[in-house]
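Read through the structure below, which is laid out as structure tokens, and then see the notes.
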Amino acid sequence: GCDTVSVAFPLTMMIAGVVGNALAMGLVSRSYRAKENRRKRSFLLCIGSLALTDLAGQLLTSPIVISVYLSNQAWAALDPSGHLCTFFGFSMTVFGLCPLFIASAMAVERVLAIRAPHWYASHMKTRVTRLVLLGIWLAVAAFALLPVAGLGHYTLQWPGTWCFISTGDDTFTGSVFFASTFAFLGLSSLFVTVACNLATIEALVSRCRTKATASHSSKQWGRIATETLIQLLGIMCVLSVCWSPLLITMLKMIFSHASFEHCREFSSTAQNSELQKECNFFLTPVRLASLNQILDPWVYLLLRKILLQKFCQAASAVSKCSNNEWKDRSITLTEEIRRTTA
């Protein structure tokens, strides 16, 4: 079955994810040490933790997928004990839920900073942020270990190069409960993120209306607010587009008692072409969810920094052009004065 799917896709995603998240971690580390960013350290800790989580997820899962592709062997031949499949499913669960929960924590942090600034300044310390992030990692890891304890099951998925939560196998205790809990937790975190970001956007818009004056400080605040609005909208769009299809597909399969485990059994004949298309279509929401690990650092940090740099470069270029234009005019005027006096 691996011949129907190209190895270029996971290889490209791994390279892009590692490069983007490594750059984001470098920028966060430099910004965290800067004295002028002391008030932003909680937010920077969340961004750095998100980049670290996405980077670890890429490094732990993508090489396994690529190795299975390149070996041209069945998963059972490479993993007869099934321990690697369990580890892969555990990694997919941990590095799937952790970014969603961290994004929710960042959304809550932003809405508290905007709507309750006094409480935020007195209670939201970096120590609290560290404890929240540690709690997220430990809670998600404990949840992902439930199949190891016998509640739920990780199974091989189409096209036989990765493992994830079983959705339609009733032979294992708690499989439906574990799969549905994963989907509901993911959708709940998406709902919290969208709700908090909408509340932040509403607060920023109302504050912009109250500060609609021509002073320099209000203009600067309006620029920062507009920049934050664009970033929040981008975050909501990326999270919704990347994760909603997979979580909704999982719930649909759970309630219809369906699974894609039969995809491993079909042969590449003409009569099974429709089944092959159906199985390949299932990879689309999985790839979208994996794409979130690549887009996270760009949406949260890198893209914003690049846009600011481009804006500064354009502004400096315009100022240089205007200065050169004034210099040319002054030179021309000086020459005309000399001619008239001569």
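Placement of Cβ uses the backbone N, Cα and C atoms for every residue, glycine included.
Per TrEMBL, the features are as follows:
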TRANSMEM  6-30  transmembrane segment
DOMAIN    20-300  domain 'G-protein coupled receptors family 1 profile'
TRANSMEM  42-66  transmembrane segment
TRANSMEM  86-108  transmembrane segment
TRANSMEM  128-156  transmembrane segment
TRANSMEM  176-201  transmembrane segment
TRANSMEM  229-255  transmembrane segment
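When Cβ-Cβ distances under 8 Å to the transmembrane segment (86-108) are tallied for each of 42-66, 128-156, 176-201, 229-255, the top count falls to 128-156. Remote same-chain partners of the transmembrane segment (176-201), defined as residues 6 or more beyond its termini with a Cβ less than 8 Å from a stretch Cβ, comprise 93, 96-97, 100-101, 103-104, 107-108, 110-111, 114-115, 143, 146-147, 151-153, 165-167, 170, 228-229, 232-233, 235-236, 239-240, 243-244, 246-248, 250-251, 254. Tertiary proximity for the transmembrane segment (229-255) is limited to same-chain residues at least six positions away from its ends with a CB under 8 Å from its CB atoms, namely 100, 103, 107, 110, 165, 167-168, 176, 179-180, 182-184, 186-187, 190, 193-194, 197-198, 200-201, 204-205, 282, 284-286, 288-289, 291-292, 295-296, 299-300, 303-304.
Within the model, the domain 'G-protein coupled receptors family 1 profile' (20-300) carries an average pLDDT of 82.
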